[in-house]
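Inspection log for the structure reproduced underneath, given as C-alpha coordinates.
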Amino acid sequence: MSDRLLVLVRHGQSEWNLKNLFTGWKDPDLTEQGIAEAREAGRKLKAQGLSFDIAFTSVLKRAQHTLDLTLAELGQTNLPTKRDLALNERDYGDLSGLNKDDARKKWGEEQVHIWRRSYDVSPPGGESLKDTLARTLPYYVQEIQPCVLRGERTLVAAHGNSLRALIMVLEKLSPKEILARELATGVPIIYRLNADSTVASKLDLA
Ligand SMILES: O=C(O)[C@H](O)COP(=O)(O)O
(Lines of atoms letter the chains of each structure in order from A and count residues from 1; the text may use other names and numbers.)
(Lines give C-alpha, C1' and ligand atoms only; values in the text may rest on other atoms or scores of the structure.)
Protein backbone atom coordinates (compact mmCIF):
# COMPACT_ATOMS: atom_id res chain seq x y z
CA MET A 1 0.00 0.00 0.00
CA SER A 2 1.39 3.41 -0.88
CA ASP A 3 2.08 5.98 1.80
CA ARG A 4 -0.20 8.92 1.08
CA LEU A 5 1.88 11.37 3.07
CA LEU A 6 1.18 15.10 3.31
CA VAL A 7 3.20 17.32 5.65
CA LEU A 8 2.28 20.97 6.21
CA VAL A 9 4.64 23.40 7.87
CA ARG A 10 4.22 27.11 8.55
CA HIS A 11 7.36 29.17 7.94
CA GLY A 12 9.65 29.97 10.88
CA GLN A 13 9.46 33.34 12.63
CA SER A 14 9.85 36.20 10.13
CA GLU A 15 11.33 39.67 10.70
CA TRP A 16 7.80 41.07 10.73
CA ASN A 17 6.47 38.38 13.08
CA LEU A 18 9.18 39.55 15.46
CA LYS A 19 8.20 43.21 15.00
CA ASN A 20 4.51 42.27 15.41
CA LEU A 21 3.54 43.71 12.00
CA PHE A 22 0.75 42.51 9.72
CA THR A 23 2.64 40.90 6.85
CA GLY A 24 0.35 39.28 4.27
CA TRP A 25 1.94 39.52 0.81
CA LYS A 26 4.91 41.62 2.05
CA ASP A 27 8.13 39.68 1.80
CA PRO A 28 10.35 39.79 4.91
CA ASP A 29 12.87 37.00 5.47
CA LEU A 30 13.29 34.76 8.52
CA THR A 31 14.87 35.91 11.77
CA GLU A 32 17.65 33.92 13.46
CA GLN A 33 14.92 32.26 15.51
CA GLY A 34 12.97 31.51 12.33
CA ILE A 35 16.05 29.90 10.79
CA ALA A 36 16.48 27.75 13.91
CA GLU A 37 12.77 26.78 13.82
CA ALA A 38 13.01 25.73 10.16
CA ARG A 39 16.07 23.58 10.89
CA GLU A 40 14.30 22.07 13.88
CA ALA A 41 11.33 21.21 11.65
CA GLY A 42 13.71 19.28 9.40
CA ARG A 43 15.26 17.48 12.35
CA LYS A 44 11.82 16.50 13.67
CA LEU A 45 10.80 15.11 10.29
CA LYS A 46 14.06 13.21 10.06
CA ALA A 47 13.50 11.77 13.53
CA GLN A 48 10.16 10.45 12.22
CA GLY A 49 12.08 8.65 9.48
CA LEU A 50 10.47 10.79 6.79
CA SER A 51 11.76 11.92 3.42
CA PHE A 52 9.92 13.47 0.47
CA ASP A 53 9.37 13.15 -3.28
CA ILE A 54 8.03 16.64 -3.96
CA ALA A 55 7.60 19.98 -2.19
CA PHE A 56 5.31 22.96 -2.64
CA THR A 57 5.75 26.49 -1.37
CA SER A 58 4.56 30.07 -1.95
CA VAL A 59 6.32 32.84 -3.85
CA LEU A 60 7.30 34.50 -0.56
CA LYS A 61 10.83 34.36 0.86
CA ARG A 62 9.97 33.27 4.40
CA ALA A 63 8.23 30.09 3.21
CA GLN A 64 10.85 29.29 0.56
CA HIS A 65 13.70 29.81 3.00
CA THR A 66 11.94 27.60 5.56
CA LEU A 67 11.55 24.89 2.95
CA ASP A 68 15.23 25.10 1.93
CA LEU A 69 16.43 24.86 5.54
CA THR A 70 14.06 21.98 6.32
CA LEU A 71 15.18 20.08 3.23
CA ALA A 72 18.84 20.72 4.06
CA GLU A 73 18.35 18.97 7.42
CA LEU A 74 16.78 16.06 5.55
CA GLY A 75 19.67 15.93 3.06
CA GLN A 76 17.21 16.65 0.23
CA THR A 77 18.34 19.99 -1.16
CA ASN A 78 17.58 19.00 -4.77
CA LEU A 79 13.98 17.97 -4.19
CA PRO A 80 11.61 18.95 -7.05
CA THR A 81 9.74 22.02 -5.76
CA LYS A 82 6.78 23.98 -7.08
CA ARG A 83 6.27 27.60 -6.07
CA ASP A 84 2.90 29.24 -6.51
CA LEU A 85 1.22 32.36 -5.20
CA ALA A 86 -1.88 30.27 -4.52
CA LEU A 87 -0.03 29.25 -1.34
CA ASN A 88 0.83 32.83 -0.32
CA GLU A 89 -0.29 34.25 3.01
CA ARG A 90 -3.69 35.93 3.14
CA ASP A 91 -3.37 39.43 1.64
CA TYR A 92 -3.74 41.73 4.66
CA GLY A 93 -4.63 44.69 2.42
CA ASP A 94 -4.49 48.07 4.17
CA LEU A 95 -3.34 46.43 7.41
CA SER A 96 -0.06 45.25 5.82
CA GLY A 97 2.87 46.83 7.61
CA LEU A 98 0.81 48.06 10.58
CA ASN A 99 1.66 47.02 14.12
CA LYS A 100 -0.90 44.53 15.48
CA ASP A 101 -1.10 46.24 18.91
CA ASP A 102 -1.54 49.67 17.28
CA ALA A 103 -4.36 48.21 15.19
CA ARG A 104 -6.04 46.89 18.36
CA LYS A 105 -5.81 50.38 19.89
CA LYS A 106 -7.30 51.94 16.77
CA TRP A 107 -10.08 49.47 15.89
CA GLY A 108 -10.52 47.51 19.13
CA GLU A 109 -9.45 44.02 20.21
CA GLU A 110 -12.57 42.30 18.89
CA GLN A 111 -12.53 43.81 15.40
CA VAL A 112 -8.87 42.95 14.94
CA HIS A 113 -9.49 39.38 16.14
CA ILE A 114 -12.34 39.07 13.62
CA TRP A 115 -10.09 40.28 10.79
CA ARG A 116 -7.35 37.87 11.84
CA ARG A 117 -9.30 34.73 12.64
CA SER A 118 -12.84 34.82 11.23
CA TYR A 119 -13.81 32.85 8.15
CA ASP A 120 -15.58 35.42 6.02
CA VAL A 121 -14.77 38.94 7.24
CA SER A 122 -12.06 40.58 5.11
CA PRO A 123 -9.58 43.04 6.55
CA PRO A 124 -9.90 46.41 4.72
CA GLY A 125 -8.68 45.97 1.14
CA GLY A 126 -7.49 42.41 1.87
CA GLU A 127 -8.57 38.77 1.81
CA SER A 128 -10.79 36.93 4.28
CA LEU A 129 -9.95 33.32 5.06
CA LYS A 130 -12.78 32.43 2.66
CA ASP A 131 -11.09 34.44 -0.12
CA THR A 132 -7.79 32.77 0.72
CA LEU A 133 -9.44 29.34 0.56
CA ALA A 134 -10.90 30.22 -2.84
CA ARG A 135 -7.35 30.27 -4.27
CA THR A 136 -5.57 27.69 -2.08
CA LEU A 137 -8.20 24.95 -2.41
CA PRO A 138 -8.26 24.71 -6.25
CA TYR A 139 -4.46 24.62 -6.20
CA TYR A 140 -4.50 21.92 -3.54
CA VAL A 141 -7.06 19.84 -5.42
CA GLN A 142 -5.41 20.23 -8.83
CA GLU A 143 -1.71 20.18 -7.95
CA ILE A 144 -0.98 18.88 -4.46
CA GLN A 145 -3.60 16.25 -3.70
CA PRO A 146 -2.98 14.22 -6.90
CA CYS A 147 0.70 13.87 -5.90
CA VAL A 148 -0.26 12.65 -2.44
CA LEU A 149 -2.81 10.19 -3.81
CA ARG A 150 -0.22 8.85 -6.29
CA GLY A 151 1.98 8.03 -3.31
CA GLU A 152 4.46 10.90 -3.74
CA ARG A 153 5.51 11.96 -0.26
CA THR A 154 4.61 15.64 -0.21
CA LEU A 155 5.87 18.57 1.84
CA VAL A 156 4.12 21.97 1.84
CA ALA A 157 5.86 24.99 3.41
CA ALA A 158 3.49 27.93 3.51
CA HIS A 159 1.79 30.44 5.81
CA GLY A 160 -0.47 30.70 8.85
CA ASN A 161 -3.62 31.51 6.91
CA SER A 162 -3.05 29.69 3.62
CA LEU A 163 -2.47 26.58 5.75
CA ARG A 164 -5.43 27.30 8.06
CA ALA A 165 -7.58 27.38 4.91
CA LEU A 166 -6.31 23.95 3.83
CA ILE A 167 -6.58 22.56 7.36
CA MET A 168 -10.18 23.68 7.49
CA VAL A 169 -10.92 21.44 4.52
CA LEU A 170 -8.68 18.54 5.54
CA GLU A 171 -10.03 18.43 9.10
CA LYS A 172 -13.58 19.38 8.07
CA LEU A 173 -13.66 22.33 10.51
CA SER A 174 -16.63 24.69 10.60
CA PRO A 175 -16.21 28.48 10.26
CA LYS A 176 -16.68 28.59 14.05
CA GLU A 177 -14.07 25.91 14.73
CA ILE A 178 -11.45 27.56 12.51
CA LEU A 179 -11.67 30.77 14.62
CA ALA A 180 -9.78 29.10 17.44
CA ARG A 181 -7.21 27.35 15.26
CA GLU A 182 -3.69 28.80 15.63
CA LEU A 183 -0.62 27.55 13.77
CA ALA A 184 2.78 27.81 15.43
CA THR A 185 5.78 28.77 13.30
CA GLY A 186 7.98 25.90 12.14
CA VAL A 187 5.84 23.06 13.51
CA PRO A 188 5.20 20.26 10.99
CA ILE A 189 1.82 18.55 10.89
CA ILE A 190 1.89 15.08 9.38
CA TYR A 191 -1.24 13.83 7.63
CA ARG A 192 -1.82 10.50 6.00
CA LEU A 193 -4.70 10.39 3.58
CA ASN A 194 -7.12 7.67 2.59
CA ALA A 195 -7.49 6.76 -1.10
CA ASP A 196 -10.64 8.94 -1.20
CA SER A 197 -8.52 11.94 -0.03
CA THR A 198 -10.00 12.13 3.48
CA VAL A 199 -7.59 12.24 6.43
CA ALA A 200 -6.64 8.82 7.84
CA SER A 201 -4.33 10.16 10.55
CA LYS A 202 -2.76 13.34 11.85
CA LEU A 203 0.32 13.93 13.96
CA ASP A 204 1.28 17.42 15.12
CA LEU A 205 5.04 17.62 15.84
CA ALA A 206 4.71 20.51 18.30
O1 LIG B 1 0.64 37.90 7.73
C2 LIG B 1 0.85 37.99 8.95
O3 LIG B 1 0.82 39.07 9.58
C4 LIG B 1 1.15 36.74 9.77
O5 LIG B 1 2.04 35.95 9.11
C6 LIG B 1 -0.09 35.96 10.08
O7 LIG B 1 -0.92 36.84 10.66
P8 LIG B 1 -2.06 36.45 11.71
O9 LIG B 1 -1.40 35.87 12.93
O10 LIG B 1 -2.73 37.75 11.96
O11 LIG B 1 -2.94 35.45 11.03
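Note: Cβ is positioned from N, Cα and C throughout, glycine not excepted.
Over in TrEMBL, the protein carries these features:
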ACT_SITE  His11  active site, tele-phosphohistidine intermediate
ACT_SITE  Glu89  active site, proton donor/acceptor
BINDING   10-17, 23-24, Arg62, 89-92, Lys100, 116-117, 160-161  substrate binding site
SITE      His159  site 'Transition state stabilizer'
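Proximity of the recorded positions Arg10, His11, Gln13, Glu89, Lys100 to ligand 1, judged by a Cβ distance under 6 angstroms to any of its atoms, singles out Glu89 in sequence order. Around the Cβ of Trp16 (substrate binding site), the same chain contributes Phe22, Thr23, Lys26, Pro28, each under 8 angstroms and 6 or more positions distant in sequence. Spacing of Gly24 (substrate binding site) relative to His159 (site 'Transition state stabilizer') is 9 Å (Cα to Cα, whole number). Between the C-alpha atoms of His159 (site 'Transition state stabilizer') and Arg10 (substrate binding site), the distance comes to 5 Å.
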